[in-house]
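**Q** Annotated domain 'TFIID subunit TAF5 NTD2' per TrEMBL: 60-189, in sequence order. Here TrEMBL flags 244-304 as region 'Disordered'. Residues or ranges marked as compositional bias 'Basic and acidic residues' by TrEMBL: 248-270. Summarising the annotation, TrEMBL assigns compositional bias 'Polar residues' to 288-303. What TrEMBL lists as repeat 'WD' is 348-381, 411-443, 453-494, 495-536, 537-578, 579-620.
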């Protein structure tokens, strides 16, 4: 090897490893001495120097270094003291994925697959979906072509770690001279070091987050101004202006009680014993001073909320519908942590795993189900109550009631599985979406399909009416959400920006925004007038499956595949608190009428009630307390073996739930 080649090799190696100062000094020394220092050495006959240079050049291309280095780091991390282990183990996943991608990038495909298969089980519990995507990276070109791999390579991962854990990690890397692992950690991990003892393993939902160009984009988007208040001249405002009906006169009280009793009789006819319990609850609560105080507090809170003008032309509400809503609002039961709602659960039986979705009308009188055979079935609770049935029967189209007729209305028109079926606010329409890429509008009065909306390119996962009807939003596998009007065949707006399927959509109470949850683990808030994304919520660790907006429009809840629920402040895009308790997918969320309680339904066959009013008032010191999540869970309602597909608080604060009973695995 020529002396000039040795000089170039050493210089290149120093620069590649980031030793810029040493490279600079070497270059100055070579320039000043004209190579005399190095030329005095016999490079050809110096075995130690040749061996050193040869070992450097070979180690650069040796794929076994990655397995050896990661294996040692992994063993050290998992054998650390329990107090620090959960923080040190957080480092393993980013090191693992970047070792794998480095091997693929250098063309060591076989060694990369062997490395991936050897250690993937360590991370499958938390990162299964990411590993499934990463398993498709098999060639250097995939690192550039696949959006997921490219984003990982270009981003850094933030890891929160205490000072002592950080010192332990650095001490290990320097003591073992693990330069390869140190280089990967230095390049792809950004440590957020804090003083004191390490937090508990499940305490901090933001312990590991990805940052980079996407995170910077989110920070920029979240600076935009949004107006989260209620609409001007809303029904709540009108009720407040005529609020004397509640307590100013005995006449008003008498009318309210009469309305309660009449409604209770109807409920008892519709849902039997559950209706009578609702009646008792309402009669017990109606005359108490506690309820009056709660209503006054709710009225004060709503009146203090900002008011905004609608960006969409609002539909004209009929006098009958308006009066019905106002009557419901007058007779609303006030809920709190000590005043729980009555719950009515509608159970589908004999569905043979064919039920994909279900929905309940605002008054609980109608229940709809979307099925894999492309059909939609609508049950009228009053008719089922008259027939004496306690469950929703579905044993093929030949199922009949006591009167010899089907006890449901069959709606046929889709050509693929139906993934959502939702009622309009008055209950006169059903909106359905399907794998056939279409959305259909059905009349519950005519029992017929009125319109078929086409625009999405792939399966439509969800479609939801706006709080005032007429407008609706949809979301799809094509990574877009769209806003529609009932009287137009084409969408009014298209929202594009998610990196994967858009799985759920929800309207803001003032109809000026919609929220979308995606398989890319983010939630986005969109302006319906401009179609722009005005908020990006980052924090979920799995696909987002459900959304709910608080009645005042200030907060949002989102549920994911892992069972985590996150409460967000729309104005700051910050997570107020994670609500932990479910151990499977959270399929549905619903706020109570005054916004003090949040109900969640999950595939773990439970309905949970959360005290979200206290969750939004926690101090930073309380948020760091590991037991705070348990205190927010008020009550759990287990079902026998029924995953919860749908939840809805009625305007009178009755909680309706629905799901299909499933045979427990033997």
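Keep in mind that glycine also has a Cβ here, set from the backbone N, Cα and C atoms.
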**Q** By DSSP assignment, list the helix, strand and coil residue numbers for the domain 'TFIID subunit TAF5 NTD2' (60-189), in that order.
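**A** So the domain 'TFIID subunit TAF5 NTD2' (60-189) is made up of 98 helix, 8 strand, 24 coil.
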**Q** Below 8 angstroms Cβ to Cβ, which residues of this chain, lying six or more residues outside the repeat 'WD' (348-381), approach it?
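**A** Residues 267, 270-271, 328, 391-395, 407-412, 414-423, 425-427, 430, 432, 434, 436, 442, 444, 447, 645-648, 650-651, 654, 656-662.
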**Q** Could you give the mean pLDDT over the repeat 'WD' (348-381), rounded to a whole number?
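**A** Result for the repeat 'WD' (348-381): average pLDDT 91.
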**Q** Would you list the DSSP helix, strand and coil counts for the residues of the repeat 'WD' (453-494)?
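**A** Its residues divide into 0 helix, 22 strand, 20 coil.
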